[in-house]
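Over in TrEMBL, the protein carries these features:
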DOMAIN    5-447  domain 'Major facilitator superfamily (MFS) profile'
TRANSMEM  53-73  transmembrane segment
TRANSMEM  85-105  transmembrane segment
TRANSMEM  111-134  transmembrane segment
TRANSMEM  146-164  transmembrane segment
TRANSMEM  176-197  transmembrane segment
TRANSMEM  262-286  transmembrane segment
TRANSMEM  329-348  transmembrane segment
TRANSMEM  354-372  transmembrane segment
TRANSMEM  393-417  transmembrane segment
TRANSMEM  423-443  transmembrane segment
Amino acid sequence: LLLAVCAVGIGGTFQYGYNVSIINAPTQHIHKFLNETWSSRYQKELNPDLLTFLWSVIASIFSLGGLCGALIGGSMAIRLGRKGALLMNNVIAILASILMGISFPTGLFELLIAGRFLIGINSGVGLCVQPLYIGEFAPKHLRGGLAMGTSIFLTGGILTGQIIGLRELLGGEKHWPLLLSSSCIPALAQLLFLPWFPESPRYLLIDRGDELSCAKALKRFHGASEYRREMEDIQRERFALDGEKPKKPWQLFTDRGVRWQLITVIVMTMGQQLSGINAIYFYATYVFEQAGIMAEKIPYVTLGTGVCECLTALSCVRNNYVGRRCLIIGGYLLMTLWCTVLTFSLTYQELYSWVPYMSMACVFAFILSFGLGPGGITNTLTAELFVQSSRPAAYMIAGTVSWISFFTVGMLFPFIVNGLKQYCFVVFLLECFFVAAFIFLIIPETKNKSFLEIKKEFHKLNFGRNA
(Lines of atoms letter the chains of each structure in order from A and count residues from 1; the text may use other names and numbers.)
(Lines give C-alpha, C1' and ligand atoms only; values in the text may rest on other atoms or scores of the structure.)
Protein backbone atom coordinates (compact mmCIF):
# COMPACT_ATOMS: atom_id res chain seq x y z
CA LEU A 1 0.00 0.00 0.00
CA LEU A 2 2.79 2.41 0.91
CA LEU A 3 4.71 1.67 -2.29
CA ALA A 4 1.52 2.18 -4.31
CA VAL A 5 0.97 5.61 -2.70
CA CYS A 6 4.56 6.55 -3.61
CA ALA A 7 4.20 5.33 -7.20
CA VAL A 8 0.94 7.28 -7.58
CA GLY A 9 2.17 10.43 -5.81
CA ILE A 10 5.47 10.96 -7.66
CA GLY A 11 3.70 11.72 -10.93
CA GLY A 12 0.53 13.12 -9.36
CA THR A 13 0.35 15.93 -6.80
CA PHE A 14 4.18 16.08 -6.65
CA GLN A 15 4.06 17.54 -10.18
CA TYR A 16 1.58 20.21 -9.08
CA GLY A 17 3.66 21.32 -6.09
CA TYR A 18 6.90 21.17 -8.07
CA ASN A 19 5.63 23.23 -11.00
CA VAL A 20 3.98 25.84 -8.77
CA SER A 21 7.31 26.24 -6.97
CA ILE A 22 9.95 26.25 -9.74
CA ILE A 23 8.50 29.14 -11.75
CA ASN A 24 9.53 31.66 -9.04
CA ALA A 25 13.32 31.15 -9.23
CA PRO A 26 13.96 32.01 -12.92
CA THR A 27 11.67 35.07 -13.07
CA GLN A 28 14.46 37.55 -13.91
CA HIS A 29 16.10 35.14 -16.38
CA ILE A 30 12.80 34.63 -18.24
CA HIS A 31 12.34 38.43 -18.40
CA LYS A 32 15.80 38.71 -19.99
CA PHE A 33 14.97 35.87 -22.42
CA LEU A 34 11.75 37.62 -23.47
CA ASN A 35 13.58 40.92 -24.02
CA GLU A 36 16.38 39.32 -26.05
CA THR A 37 14.01 37.21 -28.14
CA TRP A 38 11.81 40.20 -28.93
CA SER A 39 14.81 42.38 -29.88
CA SER A 40 16.24 39.64 -32.10
CA ARG A 41 12.91 38.97 -33.80
CA TYR A 42 11.60 42.52 -34.33
CA GLN A 43 14.79 44.66 -33.99
CA LYS A 44 13.24 46.80 -31.26
CA GLU A 45 12.97 46.83 -27.49
CA LEU A 46 10.09 45.02 -25.79
CA ASN A 47 7.60 47.44 -24.27
CA PRO A 48 7.62 47.13 -20.41
CA ASP A 49 3.82 46.75 -20.33
CA LEU A 50 3.97 43.99 -22.95
CA LEU A 51 6.79 42.31 -20.98
CA THR A 52 4.59 42.31 -17.89
CA PHE A 53 1.70 40.91 -19.93
CA LEU A 54 3.84 38.08 -21.43
CA TRP A 55 5.22 37.16 -18.01
CA SER A 56 1.68 37.16 -16.56
CA VAL A 57 0.58 34.81 -19.36
CA ILE A 58 3.51 32.44 -18.69
CA ALA A 59 2.75 32.40 -14.95
CA SER A 60 -1.06 32.23 -15.11
CA ILE A 61 -1.53 29.90 -18.11
CA PHE A 62 -0.65 27.12 -15.69
CA SER A 63 -3.95 27.77 -13.86
CA LEU A 64 -5.92 27.66 -17.12
CA GLY A 65 -4.27 24.34 -17.98
CA GLY A 66 -5.08 23.06 -14.50
CA LEU A 67 -8.74 23.96 -14.99
CA CYS A 68 -8.80 22.06 -18.31
CA GLY A 69 -7.11 19.10 -16.60
CA ALA A 70 -9.71 19.08 -13.84
CA LEU A 71 -12.50 19.10 -16.43
CA ILE A 72 -11.12 16.06 -18.29
CA GLY A 73 -9.62 14.19 -15.31
CA GLY A 74 -12.86 12.52 -14.22
CA SER A 75 -13.70 11.38 -17.75
CA MET A 76 -10.19 9.97 -18.17
CA ALA A 77 -10.55 8.07 -14.89
CA ILE A 78 -13.83 6.52 -16.09
CA ARG A 79 -12.68 5.60 -19.62
CA LEU A 80 -9.06 4.60 -18.99
CA GLY A 81 -9.32 3.58 -15.34
CA ARG A 82 -7.62 5.40 -12.44
CA LYS A 83 -4.22 3.85 -13.15
CA GLY A 84 -4.57 4.23 -16.93
CA ALA A 85 -5.45 7.92 -16.60
CA LEU A 86 -2.35 8.59 -14.49
CA LEU A 87 -0.09 6.73 -16.93
CA MET A 88 -1.50 8.63 -19.93
CA ASN A 89 -1.13 11.88 -17.99
CA ASN A 90 2.65 11.43 -17.93
CA VAL A 91 2.77 11.68 -21.73
CA ILE A 92 1.40 15.24 -21.36
CA ALA A 93 4.09 16.05 -18.74
CA ILE A 94 6.92 14.76 -20.95
CA LEU A 95 5.66 16.75 -23.97
CA ALA A 96 5.40 19.87 -21.76
CA SER A 97 8.97 19.37 -20.51
CA ILE A 98 10.31 19.07 -24.05
CA LEU A 99 8.55 22.26 -25.15
CA MET A 100 9.81 24.26 -22.15
CA GLY A 101 13.33 22.85 -22.51
CA ILE A 102 13.74 23.79 -26.19
CA SER A 103 12.10 27.24 -25.88
CA PHE A 104 15.40 28.96 -25.01
CA PRO A 105 17.72 27.38 -27.64
CA THR A 106 15.09 27.89 -30.37
CA GLY A 107 14.26 31.44 -29.25
CA LEU A 108 10.52 30.70 -29.19
CA PHE A 109 8.89 31.96 -25.99
CA GLU A 110 5.57 30.65 -27.39
CA LEU A 111 6.85 27.13 -26.64
CA LEU A 112 7.33 28.16 -23.00
CA ILE A 113 3.70 29.31 -22.85
CA ALA A 114 2.49 26.07 -24.49
CA GLY A 115 4.63 23.98 -22.13
CA ARG A 116 3.27 25.75 -19.04
CA PHE A 117 -0.27 25.20 -20.31
CA LEU A 118 0.36 21.46 -20.85
CA ILE A 119 2.03 20.99 -17.46
CA GLY A 120 -1.02 22.74 -15.98
CA ILE A 121 -3.25 20.13 -17.64
CA ASN A 122 -1.01 17.41 -16.19
CA SER A 123 -1.33 18.92 -12.70
CA GLY A 124 -5.11 19.29 -13.03
CA VAL A 125 -5.54 15.64 -14.01
CA GLY A 126 -3.16 14.49 -11.27
CA LEU A 127 -4.98 16.47 -8.56
CA CYS A 128 -8.24 14.89 -9.69
CA VAL A 129 -7.23 11.26 -10.25
CA GLN A 130 -4.56 10.64 -7.60
CA PRO A 131 -6.78 11.07 -4.49
CA LEU A 132 -9.55 9.19 -6.33
CA TYR A 133 -7.26 6.17 -6.93
CA ILE A 134 -5.76 6.16 -3.41
CA GLY A 135 -9.17 6.58 -1.75
CA GLU A 136 -10.49 3.56 -3.66
CA PHE A 137 -7.67 1.06 -3.02
CA ALA A 138 -7.08 2.00 0.65
CA PRO A 139 -8.84 -0.06 3.37
CA LYS A 140 -11.24 2.11 5.34
CA HIS A 141 -9.21 1.97 8.59
CA LEU A 142 -6.13 3.29 6.72
CA ARG A 143 -7.91 5.51 4.20
CA GLY A 144 -7.20 8.77 6.02
CA GLY A 145 -3.50 8.05 6.54
CA LEU A 146 -2.89 6.82 2.99
CA ALA A 147 -4.91 9.65 1.45
CA MET A 148 -2.51 12.07 3.17
CA GLY A 149 -0.03 10.87 0.54
CA THR A 150 -1.73 13.45 -1.70
CA SER A 151 -0.69 16.25 0.66
CA ILE A 152 2.75 14.78 1.42
CA PHE A 153 3.72 14.61 -2.24
CA LEU A 154 2.24 18.04 -2.96
CA THR A 155 4.26 19.70 -0.18
CA GLY A 156 7.24 17.54 -1.09
CA GLY A 157 6.98 18.88 -4.64
CA ILE A 158 6.93 22.48 -3.38
CA LEU A 159 9.99 21.88 -1.17
CA THR A 160 11.89 20.05 -3.93
CA GLY A 161 11.14 22.89 -6.34
CA GLN A 162 12.42 25.44 -3.80
CA ILE A 163 15.66 23.47 -3.37
CA ILE A 164 16.28 22.74 -7.06
CA GLY A 165 15.46 26.38 -7.86
CA LEU A 166 18.31 27.75 -5.73
CA ARG A 167 20.84 29.69 -7.82
CA GLU A 168 23.58 27.21 -6.85
CA LEU A 169 21.61 24.39 -8.51
CA LEU A 170 19.29 24.98 -11.49
CA GLY A 171 18.01 28.46 -10.60
CA GLY A 172 20.96 30.23 -12.25
CA GLU A 173 20.92 32.02 -15.60
CA LYS A 174 22.50 29.16 -17.54
CA HIS A 175 20.33 26.32 -16.25
CA TRP A 176 16.80 27.70 -15.97
CA PRO A 177 15.54 25.84 -19.11
CA LEU A 178 16.73 22.61 -17.46
CA LEU A 179 14.85 23.61 -14.30
CA LEU A 180 11.56 24.01 -16.17
CA SER A 181 12.03 20.81 -18.18
CA SER A 182 13.01 18.76 -15.10
CA SER A 183 9.32 17.91 -14.51
CA CYS A 184 9.83 15.05 -16.98
CA ILE A 185 11.80 13.16 -14.28
CA PRO A 186 8.77 12.51 -11.97
CA ALA A 187 6.73 11.59 -15.06
CA LEU A 188 9.32 9.03 -16.19
CA ALA A 189 9.55 7.68 -12.64
CA GLN A 190 5.79 7.06 -12.55
CA LEU A 191 5.84 5.42 -15.98
CA LEU A 192 8.53 3.09 -14.63
CA PHE A 193 6.93 2.16 -11.28
CA LEU A 194 3.12 2.51 -11.54
CA PRO A 195 2.58 -0.35 -14.08
CA TRP A 196 3.66 -2.81 -11.35
CA PHE A 197 0.53 -2.00 -9.30
CA PRO A 198 -3.09 -3.09 -9.96
CA GLU A 199 -5.99 -0.94 -11.09
CA SER A 200 -8.44 0.35 -8.45
CA PRO A 201 -10.42 -2.68 -7.11
CA ARG A 202 -13.62 -0.63 -6.83
CA TYR A 203 -13.30 0.52 -10.43
CA LEU A 204 -12.69 -3.05 -11.61
CA LEU A 205 -15.76 -4.50 -9.86
CA ILE A 206 -18.31 -1.67 -9.81
CA ASP A 207 -17.53 0.03 -13.14
CA ARG A 208 -16.16 -2.90 -15.15
CA GLY A 209 -17.89 -5.84 -13.45
CA ASP A 210 -14.60 -7.78 -13.40
CA GLU A 211 -14.80 -9.76 -10.16
CA LEU A 212 -11.70 -11.89 -10.81
CA SER A 213 -9.41 -8.88 -11.47
CA CYS A 214 -10.89 -7.11 -8.44
CA ALA A 215 -10.04 -10.07 -6.19
CA LYS A 216 -6.48 -10.20 -7.58
CA ALA A 217 -6.04 -6.47 -7.00
CA LEU A 218 -7.34 -6.70 -3.44
CA LYS A 219 -4.96 -9.58 -2.67
CA ARG A 220 -2.07 -7.45 -3.92
CA PHE A 221 -3.12 -4.40 -1.92
CA HIS A 222 -4.45 -6.00 1.28
CA GLY A 223 -2.95 -9.47 1.43
CA ALA A 224 -4.53 -12.90 0.89
CA SER A 225 -5.89 -13.08 4.47
CA GLU A 226 -7.51 -9.63 4.64
CA TYR A 227 -8.94 -9.03 1.19
CA ARG A 228 -12.32 -10.74 1.75
CA ARG A 229 -13.57 -8.04 4.13
CA GLU A 230 -12.85 -5.32 1.56
CA MET A 231 -14.40 -7.46 -1.18
CA GLU A 232 -17.64 -7.72 0.80
CA ASP A 233 -17.68 -3.94 1.34
CA ILE A 234 -17.26 -3.32 -2.41
CA GLN A 235 -19.97 -5.91 -3.18
CA ARG A 236 -22.40 -4.13 -0.83
CA GLU A 237 -21.71 -0.80 -2.56
CA ARG A 238 -22.15 -2.46 -5.96
CA PHE A 239 -25.55 -3.92 -4.99
CA ALA A 240 -26.65 -0.59 -3.47
CA LEU A 241 -25.81 1.22 -6.72
CA ASP A 242 -27.75 -1.43 -8.66
CA GLY A 243 -25.93 -0.93 -11.96
CA GLU A 244 -25.97 2.88 -11.76
CA LYS A 245 -23.60 4.36 -14.35
CA PRO A 246 -20.97 6.99 -13.50
CA LYS A 247 -22.66 10.39 -13.32
CA LYS A 248 -21.77 13.54 -15.19
CA PRO A 249 -20.85 16.64 -13.14
CA TRP A 250 -24.06 18.50 -14.08
CA GLN A 251 -26.14 15.52 -12.89
CA LEU A 252 -24.81 15.97 -9.33
CA PHE A 253 -26.26 19.50 -9.20
CA THR A 254 -29.77 18.10 -9.82
CA ASP A 255 -29.41 15.06 -7.53
CA ARG A 256 -30.97 15.80 -4.14
CA GLY A 257 -29.27 12.73 -2.65
CA VAL A 258 -25.83 14.41 -2.85
CA ARG A 259 -26.89 18.03 -2.33
CA TRP A 260 -25.13 18.64 1.00
CA GLN A 261 -22.10 16.55 0.04
CA LEU A 262 -21.67 18.78 -3.00
CA ILE A 263 -22.13 21.99 -1.00
CA THR A 264 -19.59 20.70 1.52
CA VAL A 265 -16.96 19.95 -1.16
CA ILE A 266 -17.43 23.38 -2.80
CA VAL A 267 -17.17 25.23 0.54
CA MET A 268 -14.09 23.25 1.63
CA THR A 269 -12.34 23.61 -1.73
CA MET A 270 -12.97 27.35 -1.91
CA GLY A 271 -12.00 27.64 1.75
CA GLN A 272 -8.69 25.93 1.08
CA GLN A 273 -7.75 28.35 -1.73
CA LEU A 274 -9.16 31.52 -0.09
CA SER A 275 -7.80 30.79 3.39
CA GLY A 276 -4.95 33.31 3.18
CA ILE A 277 -2.12 30.83 2.54
CA ASN A 278 -1.17 32.85 -0.57
CA ALA A 279 -1.17 36.06 1.48
CA ILE A 280 1.17 34.46 4.00
CA TYR A 281 3.66 33.55 1.28
CA PHE A 282 3.33 37.04 -0.22
CA TYR A 283 4.11 38.71 3.12
CA ALA A 284 6.83 36.21 4.11
CA THR A 285 9.66 38.09 2.34
CA TYR A 286 8.62 41.39 3.95
CA VAL A 287 8.35 39.79 7.39
CA PHE A 288 11.79 38.15 7.06
CA GLU A 289 13.34 41.48 5.96
CA GLN A 290 11.83 43.26 8.96
CA ALA A 291 13.29 40.57 11.22
CA GLY A 292 16.75 41.60 9.98
CA ILE A 293 17.46 38.75 7.56
CA MET A 294 19.63 39.82 4.61
CA ALA A 295 17.93 39.79 1.20
CA GLU A 296 20.32 37.22 -0.30
CA LYS A 297 19.59 34.84 2.60
CA ILE A 298 15.80 35.05 2.34
CA PRO A 299 15.45 32.24 -0.29
CA TYR A 300 17.12 29.88 2.19
CA VAL A 301 14.84 30.99 5.04
CA THR A 302 11.86 30.53 2.70
CA LEU A 303 12.88 26.88 2.46
CA GLY A 304 11.77 26.70 6.09
CA THR A 305 8.17 27.33 4.98
CA GLY A 306 8.41 24.34 2.62
CA VAL A 307 9.90 22.19 5.38
CA CYS A 308 7.03 23.29 7.68
CA GLU A 309 4.40 22.12 5.19
CA CYS A 310 6.18 18.80 4.63
CA LEU A 311 6.56 18.06 8.35
CA THR A 312 2.92 18.92 9.01
CA ALA A 313 1.72 16.66 6.20
CA LEU A 314 3.84 13.81 7.55
CA SER A 315 2.64 14.33 11.13
CA CYS A 316 -0.96 14.56 9.90
CA VAL A 317 -0.74 10.89 8.83
CA ARG A 318 -0.46 10.02 12.50
CA ASN A 319 -2.87 12.71 13.71
CA ASN A 320 -5.51 11.40 11.28
CA TYR A 321 -6.37 8.87 13.96
CA VAL A 322 -8.12 11.64 15.94
CA GLY A 323 -10.59 12.07 13.06
CA ARG A 324 -10.92 14.19 9.92
CA ARG A 325 -13.53 16.52 11.41
CA CYS A 326 -11.41 17.42 14.43
CA LEU A 327 -8.30 18.06 12.32
CA ILE A 328 -9.91 20.31 9.75
CA ILE A 329 -11.93 22.36 12.27
CA GLY A 330 -8.84 22.71 14.48
CA GLY A 331 -6.72 23.75 11.50
CA TYR A 332 -9.12 26.51 10.43
CA LEU A 333 -9.55 27.82 14.00
CA LEU A 334 -5.79 27.99 14.49
CA MET A 335 -5.46 29.82 11.16
CA THR A 336 -8.10 32.30 12.42
CA LEU A 337 -5.99 32.87 15.54
CA TRP A 338 -2.72 33.41 13.62
CA CYS A 339 -4.42 35.79 11.18
CA THR A 340 -5.54 37.88 14.16
CA VAL A 341 -2.09 37.90 15.77
CA LEU A 342 -0.34 38.64 12.45
CA THR A 343 -2.65 41.60 11.76
CA PHE A 344 -1.67 43.15 15.09
CA SER A 345 2.04 42.36 14.74
CA LEU A 346 2.25 43.82 11.20
CA THR A 347 0.37 46.93 12.37
CA TYR A 348 2.80 47.54 15.26
CA GLN A 349 5.90 46.20 13.45
CA GLU A 350 7.92 49.38 14.04
CA LEU A 351 7.10 49.94 17.73
CA TYR A 352 9.09 47.19 19.43
CA SER A 353 12.17 45.26 18.30
CA TRP A 354 10.62 41.89 19.19
CA VAL A 355 7.43 42.33 17.13
CA PRO A 356 9.03 41.32 13.76
CA TYR A 357 10.07 38.01 15.32
CA MET A 358 6.47 37.43 16.45
CA SER A 359 5.35 38.07 12.83
CA MET A 360 7.94 35.55 11.65
CA ALA A 361 6.65 32.97 14.14
CA CYS A 362 3.07 33.62 12.94
CA VAL A 363 4.08 32.88 9.33
CA PHE A 364 5.40 29.45 10.28
CA ALA A 365 2.50 28.77 12.69
CA PHE A 366 -0.08 29.61 10.00
CA ILE A 367 1.59 27.28 7.48
CA LEU A 368 1.72 24.48 10.08
CA SER A 369 -1.98 24.99 10.89
CA PHE A 370 -2.90 24.93 7.18
CA GLY A 371 -1.06 21.64 6.72
CA LEU A 372 -2.68 20.19 9.84
CA GLY A 373 -6.18 20.14 8.36
CA PRO A 374 -7.23 22.22 5.32
CA GLY A 375 -4.14 21.37 3.28
CA GLY A 376 -4.40 17.60 3.67
CA ILE A 377 -7.90 16.57 4.74
CA THR A 378 -9.89 18.35 2.01
CA ASN A 379 -9.01 15.85 -0.75
CA THR A 380 -9.56 12.92 1.63
CA LEU A 381 -13.08 14.06 2.46
CA THR A 382 -13.95 14.55 -1.22
CA ALA A 383 -13.24 10.84 -1.79
CA GLU A 384 -15.23 9.78 1.29
CA LEU A 385 -18.41 11.82 0.82
CA PHE A 386 -19.45 10.19 -2.46
CA VAL A 387 -20.15 6.63 -3.64
CA GLN A 388 -18.53 5.13 -6.74
CA SER A 389 -20.96 6.46 -9.35
CA SER A 390 -20.65 10.08 -8.15
CA ARG A 391 -16.98 10.22 -7.09
CA PRO A 392 -15.25 11.06 -10.44
CA ALA A 393 -17.80 13.81 -11.17
CA ALA A 394 -17.34 15.18 -7.63
CA TYR A 395 -13.58 15.40 -8.18
CA MET A 396 -14.15 17.19 -11.49
CA ILE A 397 -16.35 19.77 -9.73
CA ALA A 398 -13.91 20.12 -6.80
CA GLY A 399 -10.98 20.51 -9.20
CA THR A 400 -12.82 23.11 -11.27
CA VAL A 401 -13.75 25.13 -8.16
CA SER A 402 -10.16 24.83 -6.87
CA TRP A 403 -8.53 26.07 -10.08
CA ILE A 404 -11.05 28.90 -10.57
CA SER A 405 -10.46 29.98 -6.96
CA PHE A 406 -6.68 29.69 -7.49
CA PHE A 407 -6.91 31.89 -10.60
CA THR A 408 -9.25 34.39 -8.89
CA VAL A 409 -6.92 34.74 -5.91
CA GLY A 410 -4.00 35.31 -8.28
CA MET A 411 -5.91 38.06 -10.10
CA LEU A 412 -7.54 39.84 -7.13
CA PHE A 413 -4.93 39.28 -4.44
CA PRO A 414 -2.58 42.18 -5.42
CA PHE A 415 -5.53 44.60 -5.31
CA ILE A 416 -6.66 43.26 -1.91
CA VAL A 417 -3.15 43.66 -0.48
CA ASN A 418 -2.65 47.13 -1.99
CA GLY A 419 -6.03 48.29 -0.73
CA LEU A 420 -6.08 46.77 2.77
CA LYS A 421 -2.32 46.31 3.45
CA GLN A 422 -1.88 44.14 6.56
CA TYR A 423 -5.63 44.33 7.26
CA CYS A 424 -6.18 41.90 4.37
CA PHE A 425 -5.78 39.19 7.01
CA VAL A 426 -9.07 40.32 8.59
CA VAL A 427 -10.80 39.08 5.41
CA PHE A 428 -8.98 35.75 5.63
CA LEU A 429 -9.65 35.22 9.35
CA LEU A 430 -13.39 35.74 8.77
CA GLU A 431 -13.28 33.22 5.89
CA CYS A 432 -11.40 30.65 8.03
CA PHE A 433 -13.86 31.07 10.91
CA PHE A 434 -16.87 30.69 8.57
CA VAL A 435 -15.51 27.45 7.07
CA ALA A 436 -14.75 26.04 10.54
CA ALA A 437 -18.31 26.84 11.67
CA PHE A 438 -19.79 25.26 8.52
CA ILE A 439 -17.82 22.03 9.01
CA PHE A 440 -18.76 21.92 12.72
CA LEU A 441 -22.47 22.25 11.92
CA ILE A 442 -22.70 20.10 8.77
CA ILE A 443 -20.02 17.44 8.33
CA PRO A 444 -20.21 14.18 10.30
CA GLU A 445 -17.07 12.25 11.24
CA THR A 446 -16.05 9.89 8.41
CA LYS A 447 -13.20 8.04 10.09
CA ASN A 448 -13.46 4.20 9.87
CA LYS A 449 -16.80 4.40 8.04
CA SER A 450 -17.64 2.81 4.70
CA PHE A 451 -18.82 4.98 1.80
CA LEU A 452 -22.38 3.66 2.26
CA GLU A 453 -22.36 4.51 5.98
CA ILE A 454 -21.23 8.07 5.21
CA LYS A 455 -23.99 8.35 2.59
CA LYS A 456 -26.56 7.38 5.25
CA GLU A 457 -25.19 10.11 7.57
CA PHE A 458 -26.01 12.73 4.92
CA HIS A 459 -29.41 11.23 4.09
CA LYS A 460 -31.14 13.17 6.91
CA LEU A 461 -29.62 16.45 5.74
CA ASN A 462 -30.56 15.87 2.12
CA PHE A 463 -34.12 14.63 2.68
CA GLY A 464 -35.07 15.96 6.12
CA ARG A 465 -35.21 14.35 9.56
CA ASN A 466 -38.35 12.34 8.81
CA ALA A 467 -36.98 10.78 5.59
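Any Cβ shown, glycine's included, is placed from N, Cα and C.
If you count C-beta pairs under 8 angstroms between the transmembrane segment (329-348) and each of 53-73, 85-105, 146-164, 393-417, 423-443, the highest count goes to 423-443. Distant neighbours of the transmembrane segment (53-73): 16, 19-20, 23, 27, 30-31, 34, 46, 85, 109, 112-113, 116-129, 392, 395-396, 398-400, 402-404, 406-407, 410-411; these residues of the same chain sit at least 6 beyond its ends, with a Cβ under 8 Å from one of its Cβ atoms.
Contact between the transmembrane segment (85-105) and the transmembrane segment (176-197) holds: at least three of their C-beta pairs are under 8 Å, each pair 6 or more apart in sequence. Sequence-distant contacts of the transmembrane segment (111-134), counting only residues of its own chain at least 6 positions beyond either end whose CB sits under 8 Å from a CB of the stretch, comprise 4-5, 8-9, 11-13, 15-16, 19-20, 23, 30, 57-59, 61-74, 76-77, 82-83, 85-86, 89-90, 92-93, 95-100, 102-103, 146-147, 149-150, 180, 183, 187, 200, 379-380, 382-383, 391-392, 395-396, 398-399, 402-403. Counting residues 6+ beyond its ends, the transmembrane segment (176-197) has Cβ neighbours under 8 Å at 3-4, 6-8, 10-12, 14-15, 18-19, 22-23, 25-26, 29-30, 83, 86-87, 90, 93-94, 96-98, 100-105, 112, 115, 119, 122, 157, 164-165, 170, 220 in the same chain.
Confidence in the domain 'Major facilitator superfamily (MFS) profile' (5-447), given as mean pLDDT, stands at 84.
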